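Trainee: The structure's right below; bear with me while I get my questions together.
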Amino acid sequence: MAASVENRQFSHLEAGLSRSFKPRSDSPVRGCNFPSPNSTNFQKKPNSTIYLDYSSSEDDDDDDEKNEYLQMIKKGNSELEPSVHDTRDEGTADNWIERNFSMIRLTGKHPFNSEPPLNRLMHHGFITPVPLHYVRNHGPVPKGTWDDWTVEVTGLVKRPMKFTMDQLVNEFPCRELPVTLVCAGNRRKEQNMVKQTIGFNWGAAAVSTTIWRGVPLRALLKRCGVFSKNKGALNVCFEGADVLPGGGGSKYGTSIKKEFAMDPARDIIVAYMQNGEKLAPDHGFPVRMIIPGFIGGRMVKWIKRIIVTTQESDSYYHFKDNRVLPPHVDAELANTEAWWYKPEYIINELNINSVITTPCHEEILPINAWTTQRPYTLRGYSYSGGGKKVTRVEVTLDGGETWQVSTLDHPEKPTKYGKYWCWCFWSLEVEVLDLLSAKEIAVRAWDETLNTQPEKLIWNVMGMMNNCWFRVKMNVCKPHKGEIGIVFEHPTQPGNQSGGWMAKERHLEISAEAPQTLKKSISTPFMNTASKMYSMSEVRKHSSADSAWIIVHGHIYDATRFLKDHPGGTDSILINAGTDCTEEFDAIHSDKAKKLLEDFRIGELITTGYTSDSPGNSVHGSSSFSSFLAPIKELVPAQRSVALIPREKIPCKLIDKQSISHDVRKFRFALPSEDQVLGLPVGKHIFLCAVIDDKLCMRAYTPTSTIDEVGYFELVVKIYFKGIHPKFPNGGQMSQYLDSMPLGSFLDVKGPLGHIEYQGKGNFLVHGKQKFAKKLAMIAGGTGITPVYQVMQAILKDPEDDTEMYVVYANRTEDDILLKEELDSWAEKIPERVKVWYVVQDSIKEGWKYSIGFITEAILREHIPEPSHTTLALACGPPPMIQFAVNPNLEKMGYDIKDSLLVF
């Protein structure tokens, strides 16, 4: 081992600072409003040493700029909530790592691949707090200690060596600089909306900038005596410590040309600090590669070996990752024709890119006397690769016919070699009326080599380096009656989150291309030949129980005579009456139901010349734009006391999540306004709506919170994981989606739905008819306990309601019983009015005092009241339970199941 070049003590990591950074007062990232979470204190380590060998100048105000920079790091950290051991990591190899809960997980629970919410990333500006830095992990995070870790330099070098971490810090000069890291898959979800790639759904926040400190790679290679090119030293390979499944089992590895590694202008370092602290586990602790201007995939984390070779890295991940193949090459062709091994398709340097971040997705700009008197400021970020400076960013409001040049903010100074390693920010003021008359906003950037972004997306099998114009769609909406605003839509939302104009367009394309049972040929025997045409305004008039029309795939159906027969109850139709419910219908109905619908078709929708209240309609084509603006009124804050709006979806924010057991979670969702109640009558349910795997998914749930909770509602949900139940190998779509939702994300809610409403003191409204009971036989199976629980909760909350409740609750195992603690508590405190009996298929616990098996006549006779004119049976559970256990056994007891059985 070589001797130390310097003999200095190193008992701690010094709080490193970057080269100078002085944010402009007019920076586009200023003034962004973002709520501050619980703060955590930033601890500045003592004896800070500043290294400025990479500065572009020797300005006297460097110290002031460095101090200002330290304050930026401190401010960023103070606005973060503490990182925690996330329950989603339980049962994985990463359960020891603390992470920020707001990070959006893109690949389920494990491995951890995530990006921050875009607005939160931009709130912090130039420097990203480490917990919000995007993460790309191919597998579990390797565990290692500072004292035991070594980095080996070997291969075509004169003196192969292993260096400890202390040697890397003490024996070499350090280099410290801000670098923007970008995953090559940034904006990949846009590509997946066109055609599925082999990669997961990165949004537009797979980009982050932090301050990195480490040893210049060239210094390590020089110490070891790297051979010359003539002696075969052509490539420098990097190998990490993570053991991965690719290629039958291998380490993550890649390589770069030796000329790059030895070029001082490229600032390549073996890094051990980030933002003045040791590396976080997800970012490569204790040491990793940083290669400015390159894609993140070349910057190997948890670096163990640096090998100088003649050939490129032979790692599976060097060839089967980070390539841009021609659009006609799919995964099968790439494998059969060995496209992976063609050197011309490898990705090294980043390409030019830009993104619109303000307006954010689903932001609504009210149009009123105040907003129209001042410009609206568009904002975003841009970057390029190879150290090239972004020289201009342009915005178009007319599809590229004309462009406006934005104001650029480059917070970094160039290095002494003239390189720019970081993102910059752009801003542009536009008139609100110009926005109102536009269909979309698009942005493109240029760098100093006059590279710019293509107009259209160019698909490739890995979905990498997507840099087409970033487009934000705009539509006129009506937040309140008689008032308008502009709602903005980004192309996608990251991961499996729903939303984005590309998802809507994809859904429409799939609907048009798929074989439609609703679009039958004229020769079809049961073809409804109705050809009458109706306008949207005419359809809207038919939104009541007296006349309920719906639109599905452009066809109009009169569902009035089907209201009473609909399995989901009258409300399920009425909530969509007078609207286009294509998405909702496709999401929850079978092909059989679609065929049945054909009997109710009365005509077709006129698709031109009508206006819709839907945000999906623009004001384009209006013959008199000024007349359209005439009725604009100043918007006022919403004063609604009830959140649910029939026929509309409302966005609700996930604010808390608790694990009750290994597969049961309690979710708390905030309502749109803090002073609202949900507005769900007791006995009814809501639909949760999300786009999962490019399709709208809607599932019914009953909240477990009381109806008068203000500002939020709660759900207790059993998670049906993939690969657990043989009959359902893919698990539950919505429950798994809920489990993967990060705090702070939104879910659409629609309701109220259902044909049963408990009105108090034993009174029910069922299909519009009154029913009364003094005693309730409540039979539930599995998650069907939630509507029963809701009714019980309402009864027990009213001191004047003396209704008696007899609960028989069936589950597969004891562990599957939901809300058991609450049910047992009620039965214990009020035994004269609440009686609870459990039935499980099998019991493995000693002391089980309840029934084992299935619900039988004997069990019901013993634990529910005899039928009478003041007794009603309530049931909710799987259809087989209702059909084979509830209905026949109640009939044997003498219940009139047509009149006295209410099935939720």
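Every residue, even glycine, has its Cβ placed from backbone N, Cα and C.
Not measured: the values here are computed from a predicted model.
Pulled these features from Swiss-Prot for this protein:
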- 1-10: compositional bias 'Polar residues' (COMPBIAS)
- 1-65: region 'Disordered' (REGION)
- 35-50: compositional bias 'Polar residues' (COMPBIAS)
- 56-65: compositional bias 'Acidic residues' (COMPBIAS)
- CYS183: Mo-molybdopterin binding site (BINDING)
- 531-606: domain 'Cytochrome b5 heme-binding' (DOMAIN)
- HIS566, HIS589: heme binding site (BINDING)
- 647-759: domain 'FAD-binding FR-type' (DOMAIN)
- 699-702, 716-721, PHE728, 733-735, THR786: FAD binding site (BINDING)
Trainee: Just to be sure I understand, if DSSP states are collapsed into helix, strand and coil, how many residues of the domain 'FAD-binding FR-type' (647-759) fall in each?
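Mentor: Taking the domain 'FAD-binding FR-type' (647-759) as a whole: 8 helix, 58 strand, 47 coil.
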Trainee: Limited to the domain 'FAD-binding FR-type' (647-759), I'd like the whole-number average of pLDDT.
Mentor: 87
Trainee: Should THR786 (FAD binding site) be counted as helix, strand, or coil on the basis of DSSP?
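Mentor: In three-state terms, THR786 (FAD binding site) counts as helix.
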Trainee: State the Cα to Cα distance, in Å, between VAL716 (FAD binding site) and HIS566 (heme binding site), rounded to an integer.
Mentor: 27
Trainee: Roughly how many Å separate the Cα of LYS718 (FAD binding site) from that of CYS183 (Mo-molybdopterin binding site), to the nearest whole number?
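Mentor: That separation, Cα to Cα, works out to 35 Å.
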Trainee: To the nearest Å, how far is the Cα of MET734 (FAD binding site) from the Cα of HIS566 (heme binding site)?
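Mentor: Here the two Cα atoms lie 23 Å apart.
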Trainee: Quick one: pull the CA-CA distance for TYR720 (FAD binding site) versus HIS566 (heme binding site), whole Å only.
Mentor: 27
Trainee: Find, for the listed binding-site residues TYR701, TYR720, PHE728, the residue with the lowest Cβ contact count at a 10 Å cut-off, counting only other Cβ atoms.
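Mentor: Counting other Cβ atoms within 10 Å of each of the binding-site residues TYR701, TYR720, PHE728, the minimum falls on PHE728.
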Trainee: Counting every protein chain present, what is the number of Cβ atoms, excluding its own, within 10 Å of the Cβ of THR786 (FAD binding site)?
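Mentor: Taking every protein chain into account, the count is 23.
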